[in-house]
């Protein structure tokens, strides 16, 4: 472990801010003579915080900035760049103070803020002292004082990220901070409730009850890893980072020991530039690698390695634990020699399968999805594979291939809500079992009682290096922690029963399931699941002619939020879809998209046949409204990728679902880049994204999503329906929207035949493991400019296939509020049911033969005619009345209810434009 000591030299430069009277003697005493200090869990009572103290701290920060601006210092403008960090910290503190103007007492009483300000004062004073003591050595780039300055810069970086995470937009939200890993979140909730920050000793004792800590030396090493801000406290933010780095929770400390304590490739508190400098020694030994915590994307690892052609690259693994990334990289020849050593640790022992998180569905939910011709387990993006992965912390579910494709297309955040993807968990959705209770089976065990190791003497800068070395030398392989308790969660969210329309009262929506599980096999497609009688086949009219290219313009957006019911029919939640006669299909686009060349499907394309129409990014118009387009690989659009929905279907519905709004165009651009991407980058380790030479912005994992885009213009809703979420709002949904689509599409359909089916659908899909830059210009929250894409005609058979996922996306996880100002849609868009495969194929065949059924072919009876006239006199359009009657099977009372529920008479958007 000599390499560990050498590589981390000076890593403790930030220390805890004190003089460290005990030093190594104190560390050894703590390791071998654990004693009991219950009397004072807090290391020291925090000072009083007022505006005067904050301003004093600002003066110290200003002094540090002036010292660092000395030209002789010649600081590199690469993260962590202290000349950016301190001004950013100052600016965010100003924002916090402005939010608490007149309420400074409230802010001063906030425990986290007091601890933060005290630590900021200490670290700025420590930096000033470093300049005084280091003198001329500060100007030597490789000197110890200069290394300590770099360490302090990292600490300032961590502090700023933490401050932004706990005070997003300047408002305290530490008590609602969302811990990414469900098991870790449950531990924190049980141990500390809604506390934002706890003393290290309290944290250590609570953690020991779940993950036994073998010695005081191990406790000290653990503290040096988890206490990113070096203040003797552990915040919920730091805990979230640690549990993401060393996932899974069930073997947390075992993973930490294998990756941070004993692994020669681990680098504590190293920067991007320092990793490059270190690997330069092994430039002629391809496969040499080291890894560190990413300072700009806290909670993720950055792996630096030497390529076969003598380059040094740094990558960030995606959607997998570090040990899995290292194993995969070793197998593929990328990560062979940790820190240049010939012996590479075997990490396969960490790959023990975790207990599967089985999501079970109740009988009612099963029947509801059958009514829609779908199943809960079907991925609502591709409508082909079963869901097998859960995005954290938002909780949305999808299949791995869709998530991978989305990320490779440079999609930002979660495809559904744009919340930052802090982690993923494999899940399994079980088919309905009539004998099951529908509840989740959890398992767990209690750990040993907590020892009370004391570690008061941990303040000296480099003691942690000695401690890590000693711990590594004596470390034996530890068993996995018995604790694998996942939080209790209710059942997956589903829409309401249509047959309960009249008698059902509002009920709270159930939540998305959180927890860990092994990956599901995604090819079965519920062939072993008994289904009730499938829905009646509803045939779609023939597709539009394939002879004209689709034109994209910049028409004015309609004033209503469209429903995600069909690719081209997206009316408001509160209104039945109108039947426009001339509105082109691009009127829903938020901004013009450049025309793209026509291409033909490539039969060998791996995505040939994949229904990327169901990616739901671009709301299209009805086929009857669309200009026919050339038959090219089509790019679909699921509206819910752009429209955050407000169904209370997950644990964060409510106060925590105030995610920022996203422009549809950002999703469109990401999906476009998926459909027509440039040639893939040189092959790099799979599932990883790279780092550029310099990170220029600081990511801030927070309780809110990071993907903040400019909100799209909202369409006001004149209807004053209440914002009921989930069940009550969808009582007509389960069978409604396909019928609505059929009527509307037939109203103006053309009688051309066209080849249909999934075989003619293809999108370019890039290969395994591209690496993106860790340059923060490419961060999660900045959408890429649109990549020219291949747009294709959507045949009506495609639309029947696409219906599998339109609108049901938000049933798969976390909803979010899509609100701003006075133009907030009062309800989320209505979903559109999908067809089961048999129905889809039958419909496809019938379309090929040009045979369609017309549900409104017969003329209404005289009684119906009089009712229709009466409704028209009230302001309803004839098309809306006809659609409502078909949906209600000519039940005039139900049709009236539908009209009242969905149609706003006064809305100007009700008239086709």
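Cβ from N, Cα, C; glycine included.
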Annotation match for phosphotyrosine in Swiss-Prot, from 272, 672: 672
Annotated phosphoserine residue, as Swiss-Prot has it, among 692, 773: 692
Record-annotated phosphoserine (source Swiss-Prot) among candidates 464, 667, 904: 667
Candidate set 169, 617, 703, residue annotated phosphoserine in Swiss-Prot: 617
Swiss-Prot annotation, phosphoserine - which of 214, 666, 723: 666
Close in space, distant in sequence - residue 229 (Ca(2+) binding site), Cβ under 8 Å, 6 or more apart: 116, 119, 155, 158, 159, 162, 235, 238
Alpha-carbon spacing, residue 227 (Ca(2+) binding site) to residue 292 (4-O-phospho-L-tyrosine binding site), which is rounded to whole Å: 15
Three-state composition of the zinc finger (379-418), taking helix and strand from DSSP: 9 helix, 7 strand, 24 coil
Other same-chain residues whose Cβ falls within 8 Å of the Cβ centroid of 227, 229, 231, 233, 238, the recorded Ca(2+) site, in sequence order: 115, 119, 162, 197, 200, 226, 228, 230, 232, 234, 235
Other CB atoms, at most 10 A from the CB of residue 233 (Ca(2+) binding site): 25
Residue counts (helix, strand, coil, in that order) that DSSP gives for the region '4H' (45-173): 96 helix, 0 strand, 33 coil
Residue 231 (Ca(2+) binding site): tally of other CB atoms within 10 A of its CB: 27
Cβ packing number for residue 238 (Ca(2+) binding site), 10 Å threshold: 23
For the region 'SH2-like' (247-349), the number of residues DSSP places in helix, strand and coil: 36 helix, 21 strand, 46 coil
For the region 'EF-hand-like' (174-246), the number of residues DSSP places in helix, strand and coil: 46 helix, 6 strand, 21 coil
